[in-house]
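Copied from Swiss-Prot, the annotated features are:
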type: MOD_RES; residues: Lys65; note: N6-acetyllysine
type: MOD_RES; residues: Lys198; note: N6-acetyllysine
type: MOD_RES; residues: Lys249; note: N6-acetyllysine
type: MOD_RES; residues: Ser367; note: phosphoserine
type: TRANSIT; residues: 1-14; note: transit peptide
Amino acid sequence: MKLLSRAGSFSRFYSLKVAPKLKTSAPGGVPLQPQELEFTKLPNGLVIASLENYAPLSRIGLFIKAGSRYENYNYLGTSHLLRLASTLTTKGASSFKITRGIEAVGGKLSVTATRENMAYTVEGIRDDIEILMEFLLNVTTAPEFRRWEVAALRSQLKIDKAVAFQNPQTRIIENLHDVAYKNALANPLYCPDYRMGKITSEELHYFVQNHFTSARMALVGLGVSHSILKEVAEQFLNIRGGLGLAGAKAKYRGGEIREQNGDNLVHAAIVAESAAIGNAEANAFSVLQHLLGAGPHIKRGNNTTSLLSQSVAKGSQQPFDVSAFNASYSDSGLFGIYTVSQAAAAGDVINAAYNQVKAVAQGNLSSADVQAAKNKLKAGYLMSVETSEGFLSEIGSQALATGSYMPPPTVLQQIDAVADADVVKAAKKFVSGKKSMTASGNLGHTPFLDEL
């Protein structure tokens, strides 16, 4: 199940060329019925999943366990540069041919990344999906990383990071992972400044050779025949076999990072280690997140109905924003609170929010509140898989994490199985756990961790 959090994903969009026409309509005008999701795991470990929905647009994604957590500490920023290198020259096509070819058929190539995975996705009219798939395979299996092309990406790398860091939340979340973990999940999503211009073609090749292996991949398609995907995977995605380099298990440590910059708004996040994705405890933390408040559910709403907002409103008369933070990974997780407040009121806002979580840990919650939180969580999950993009991402993420797919009805059953006591236990784990904190702004009135 995909958990909601403030951590985002990052994309680049490009385009490709014309392909043979495929017949998609049934003879005699017989209406076509959507098929069930098909799932296959090849002997080499590669997972294939597809759903033939007969939509006019097809979408294919190649998901790879190659997020920033797998970077060597000496080669940080490699996955960030890879996100920008999706249209560099390959053994089968020049950079111009890739870009011009996708444009010619009105297609789209996007590359997204999290700390766990990278996803290369092509989307276009189903009659042209074969040519888009050809470019997808070129980009992921046969990159050349010519030195002059890699060097030319330096300015894009700087701009990409600068644009992302205009949002204070990005810096807070990056610092939060840096201070919370000793390794793996501490690796940044964005290239460190000292590594700008120093990532070489050889480093990119090394990362691809050791992480873009068949056992670390999942090929997922919507609006595509399963037999076609299986044939493509067996023929073209078997170039690099094996498990690749094993990633280190994330080690939580806790700590504090404070950035004094004089901003009138103080952004602060306080978390403790929670649970890895895919187990009952992680579901309890997800329910707790929505119990406390995961953000407004009404456009331009002020989220006044959440427990956190109600608690903070009693302790501060100044404008603020507060929500629960929840991020789950394959071997760890973070849960806590995220606040935005006026500098003078930062202490009041943070303490009021923290005390509300303590109140839940002491059992001050009603079954009606827990049920409402479950309903919000279920609605959020169902809406996230309503679009083809969200559905594709969910299938790919599950395929990489577990090698299988859990349908929405099963996910909803697991959410319903969370008891009130499980939510209280999750809150207690946060309150008693070792904390990590990051804050930025004018921090004169922002408490330190030991002052909470």
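Quick reminder: no glycine exception, Cβ is built from N, Cα and C everywhere.
Neighbour counts of Cβ atoms within 10 Å were compared for the modified residues Lys65, Lys198, Lys249, and the top value is held by Lys65. Using a 10 Å Cβ-Cβ cutoff, the residue listed as 'phosphoserine' registers 9 neighbours. The distance from the Cα of Lys65 (N6-acetyllysine) to the Cα of Ser367 (phosphoserine) comes to 39 Å.
Reported as a whole number, the C-alpha separation between Lys249 (N6-acetyllysine) and Lys198 (N6-acetyllysine) equals 27 Å. When the Cα atoms are compared, Ser367 (phosphoserine) and Lys198 (N6-acetyllysine) turn out to be 55 Å apart.
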